[in-house]
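K.L.:
Got a structure here, written out as structure tokens. Questions coming.
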Amino acid sequence: MYLLNDKVAHELKKPFGKVYKELPSIEGKVVSIGDVTTKHLLSNGIIPDLSILDFKTKRNIPVDIPHKFKTIFEVENPQGCISDEAIERIKYLSTIHDRDMALIIKGEEDLLTIPVIKYFPEDTSVIYGQPDEGMVLLKITDELKQKIEKLLKEMEER
């Protein structure tokens, strides 16, 4: 389990990619992280390969996503950390060549962008919400994977 600290929290406030109000067209493998982002993609006809959700926004406002995912998995991931269970499930899901999967988080999904970048293949598009700004779209690259490895080393491991 990795625990968030102030130094890493400060780093994570900076988007890993470009912030959009409306996303451009997206091709290839897509992972969405967050309920509002996933709902936006689905309502625009974009079905992510994997959607990571907790059915809340801003920690406690319920979000209704009227979509039936093809495959659903659940894990626990407490606020402010990346649980071993979440890491292992994301690692596993990165090897599946399927679409319309959901990883339902009991807890909080905010930090799970980190293991997604670590384990999903290069050129995967990752979309997550940047509170009060829009959606961040990034393509996984080797350089980004190296940045994530550095962040993980700076987090407290338990």
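Glycine is no exception: its Cβ is also placed from the backbone N, Cα and C atoms.
So Swiss-Prot has the following annotated:
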BINDING   ASP35, VAL36, ASP54, LYS56, GLU109, ASP132  GTP binding site
K.L.:
Any idea which of the binding-site residues ASP54, GLU109, ASP132 has the thinnest Cβ neighbourhood at 10 Å?
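P.N.:
Among the binding-site residues ASP54, GLU109, ASP132, the lowest count of other Cβ atoms within 10 Å belongs to ASP132.
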K.L.:
Relative to the Cβ position of VAL36 (GTP binding site), how many further Cβ atoms are located within 10 Å?
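P.N.:
Around VAL36 (GTP binding site), other Cβ atoms within 10 Å: 19.
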K.L.:
So for ASP35 (GTP binding site), how many other CB atoms are inside 10 Å of its CB?
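P.N.:
A 10 Å sphere around the Cβ of ASP35 (GTP binding site) contains 24 other Cβ atoms.
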K.L.:
Which secondary structure state does DSSP assign to ASP35 (GTP binding site), in the simple three-class scheme?
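P.N.:
Assignment for ASP35 (GTP binding site) reads helix.
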